[in-house]
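Enquirer: Dumping the structure here so I can ask a few things about it.
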Amino acid sequence: MAKIRIHEIAKELGYDSKEIIEKANELGLGIKTASNAVEPEIAAAIYEYIQTREIPEAFKKNIKTPTAKKPKKENIKEQEKLNESEKKEPKKEEKLKQEVKKEELKIEKENAKEEEKQEIIDAHKPQSLASATLAKRRGLVIVKKKKDEEEIQVKKEEVKNSNDISINNEERLSLKTMFSNADESLKKKKKEKKSFVASKKESTEKMNFLDEHDFGDISLDDEDEVVLPDFSVKEQEKPQNINKKQPNFIRQAVGNSAGFGLEGGIQRRSRKKPSKKIEKKEVEEVGSVAISKEIRVYEFADKIGKSTSEVISKLFMLGMMTTKNDFLDEDAIEILAAEFGIEINIINEADEFDYVKDYEEETDEKDLVTRAPVITIMGHVDHGKTSLLDYIRKSRVASGEAGGITQHVGAYMVEKNGRKITFIDTPGHEAFTAMRARGASITDIVIIVVAADDGVKPQTKEAINHAKAAGVPIIIAINKMDKEAANPDMVKTQLAEMEIMPVEWGGSYEFVGVSAKTGMGIEDLLEIVLLQADILELKANPKSFAKASIIESSVQKGRGAAATIIVQNGTLTVGSTVVAGEAYGKVRAMSDDQGKALKEIKPGECGVIVGLSEVADAGEILIAVKTDKEAREYANKRHEYNRQKELSKSTKVSIDELGAKIKEGNLKALPVILKADVQGSLEALKASLEKLRNDEIKVNIIHSGVGGITQSDIELASASENSIVLGFNIRPTGEVKERSKDKGVEIKTYNVIYNLLDDVKALLGGMMSPIISEEQLGQAEIRQVINVPKIGQIAGCMVTEGVINRGAKIRLIRDGVVVYEGNVSSLKRFKDDAKEVAKGYECGVGIEGCDDMRVGDYIESYKEVEEQASL
């Protein structure tokens with residue numbers, strides 16, 4: 001069998017080669033280097049010696065045994081003397097016991113508290129004191145004892161507290177007796193009480209436990225014999241309190257070399273064990289954990305008692321790259337809870353500053369009165385919505401609209417038969433989807449206007465879907481009935497396909513034919529509106545705090561932030577303290593849709609208020625509160641909450657999105673600063689501009705706001721390369737124009753949304769790479785191939801289609817497959833150079849870099865044409 005090298009043994013055991021050499025030499029093998037090889041039997045002996053520290057039988061002859069025979073004889077003699085002294089001198093033991101009792105009383109007075117807490121643990125028989133396992137962990141050398149006489153000798157060498165041998169022997173005997181008594185008492189108690197089985201600890205934990213205690217004066221004698229106490233009983237039994245007081249010399253031993261295994265250390269450990277158990281129970285008994293609907297990663301980790309790194313690692317394993325400050329959505333929270341095995345209860349933290357919820361809880365339903373209905377007019381662009389409202393109001397709003405289309409949400413009051421009706425006019429252009437959705441959500445009745453000569457269009461369908469989603473009644477107004485091309489039956493048929501069935505066809509929807517130009521059917525329409533309002537039984541309490549919806553908001557010169565509102569409940573008065581999202585303040589002034597000053601706005605009525613701290617978001621709920629402090633707290637909490645959410649969104653990205661983010665970094669971007677007159681138009685423009693993108697180009701809105709173009713906007717644009725300033729329904733002042741010229745910033749203003757979007761599309765198209773297309777020039781058939789020295793192949797061709805130009809790009813086609821692409825290097829007609837050869841003529845063609853032309857191949861000539869890309 002092959003020999004085994006020393007370094008192989010060291011590698012397998014995890015030791016250094018030098019250590020293995022030392023151990024081998026202890027066995028008398030005479031190993032010098034790690035490359036020395038030994039027989040497998042010798043290698044097995046080395047394994048056994050290192051692991052058990054016992055010398056194999058085969059090697060005991062090679063090792064010089066320590067001269068321990070003489071001490072053995074002495075030990076035996078001393079043991080015999082000890083036995084004789086035990087028999088002959090029982091009186092000495094009694095005297096010693098009396099002395100022990102005196103020592104007990106003395107120490108009881110001095111250390112009463114300590115004696116109450118002290119415990120004694122069952123010590124094993126003397127044979128177990130030489131535990132090889134514990135000795136190895138302490139790094140001490142143990143010589144295994146085989147006879148009782150050797151054990152007695154070891155004890156005598158360990159304890160040296162007295163010069164008198166006989167007294168010393170008696171004390172050691174008494175100590176042995178005490179431990180044996182303790183062993184018996186513990187066994188009795190073990191039967192009475194349920195044993196406590198401690199959990200098994202790793203070897204490293206046991207070493208740490210031993211390190212916590214003072215070993216006192218542990219010394220090695222000439223024979224390197226060390227005796228350690230046995231812990232096996234302590235790990236299985238719960239320490240019991242011993243009321244019996246111990247003699248002084250035993251307590252000294254407890255604090256000294258033998259004591260670490262008896263009372264002191266074990267007592268401290270026994271106090272720690274119950275605390276750990278309690279902690280575990282507390283963790284297990286934790287029930288449902290309340291988790292906020294919007295919670296950060298580190299907050300979630302704190303809630304469930306895990307480290308942030310654990311949660312982030314788990315999210316990474318689930319395919320989400322997050323930081324500790326990122327917010328978790330509900331799905332992520334539920335998945336994490338399942339992964340960690342925790343029951344959770346998701347709560348909405350936004351309820352803390354939900355002033356609308358607080359308002360609804362406090363609203364008193366007494367004193368309810370009928371309020372004015374709120375009607376929203378919706379439909380496709382240019383179907384006559386504003387014209388219809390103009391006829392009802394006897395106004396000319398439509399004529400003042402830029403481009404003849406509505407681009408704002410307007411709220412108007414109309415009185416019919418002594419009853420007020422509030423109308424909301426919404427834009428029909430596709431860009432104003434958000435405005436139409438808001439109009440449908442705050443209304444009582446929706447009027448869908450459809451042109452009789454045009455039928456149902458995309459925005460008509462969208463408006464119907466918004467109304468259905470809001471769950472409000474729908475009335476269909478078929479407009480332009482005065483035209484010769486009017487076809488109301490076509491409109492009814494198209495709407496019937498969308499499950500909007502007219503009453504006359506057995507449906508539940510009212511259809512009214514009207515003409516905004518002649519006024520036909522207007523009265524009937526208003527009658528149906530009031531009838532529908534009566535069916536709905538619209539009620540409100542004018543005595544409660546006001547609750548209103550913000551239809552539109554803007555910045556008015558000299559007045560500040562203004563908001564168009566419709567009051568839904570309560571009465572809003574001048575001087576009321578209000579809060580709307582992040583905006584708050586006192587109502588300084590209010591006016592109706594025609595600009596007349598008002599002192600109050602009742603339920604169902606509309607108006608414009610001034611006095612908010614900033615421009616409120618369109619669609620926000622406005623609530624009147626008691627104090628300025630309350631309003632400020634609501635607004636500040638909402639502001640901080642929204643800010644933190646926005647910051648988190650900017651950093652959150654999943655693994656699936658990471659590639660898209662990297663790809664997006666290569667996109668060309670058009671930096672834009674966008675300003676508009678009202679919040680609704682700004683939102684519509686932002687949504688439309690963000691849609692103008694493809695794989696190569698996009699619009700980057702670096703700043704947007706409501707109000708005029710300011711010098712700070714120009715400064716921001718100048719700091720951003722190639723940025724432009726876009727204004728909607730606003731004009732720059734003289735100072736701003738001069739500043740823009742100095743900085744080289746281009747300002748473009750518009751009053752029609754179509755024009756703005758078209759110009760931005762053209763700008764984006766100019767930034768895109770041009771589209772390259774091919775234009776076919778001609779084709780020629782190779783009929784002969786001529787090899788010219790130092791030049792290469794020349795193809796004798798017949799032009800079969802179009803023309804072949806010198807310098808043009810060509811393809812060499814063989815059996816319908818392109819085998820080469822290149823340029824025409826030379827073109828000749830007989831011996832003369834030619835610029836081009838037309839169809840039906842023969843020519844010689846040289847192709848740059850091609851030497852594989854064959855008879856029957858075709859040469860196709862073409863040129864590349866660049867076209868401007870468009871979005």
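Placement of Cβ uses the backbone N, Cα and C atoms for every residue, glycine included.
Below are the features I grabbed from Swiss-Prot:
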REGION    60-101  region 'Disordered'
COMPBIAS  61-72  compositional bias 'Basic residues'
COMPBIAS  73-101  compositional bias 'Basic and acidic residues'
REGION    184-203  region 'Disordered'
DOMAIN    370-537  domain 'tr-type G'
REGION    379-386  region 'G1'
BINDING   379-386, 425-429, 479-482  GTP binding site
REGION    404-408  region 'G2'
REGION    425-428  region 'G3'
REGION    479-482  region 'G4'
Enquirer: Can you count the other CB atoms that lie within 10 A of the CB of MET481 (GTP binding site)?
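Expert: 21, counting other Cβ atoms within 10 Å of MET481 (GTP binding site).
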Enquirer: For GLY379 (GTP binding site), name the DSSP secondary structure in the helix/strand/coil scheme.
Expert: strand
Enquirer: Over the region 'G4' (479-482), what is the model's mean pLDDT?
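Expert: Here the predicted model's pLDDT, averaged over the region 'G4' (479-482), is 88.
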Enquirer: Using DSSP reduced to three states, classify LYS385 (GTP binding site) as helix, strand or coil.
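Expert: Assignment for LYS385 (GTP binding site) reads helix.
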Enquirer: Please list, for the region 'G4' (479-482), how many residues fall into helix, strand and coil according to DSSP.
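Expert: Residue counts in helix, strand and coil order: 0 helix, 1 strand, 3 coil.
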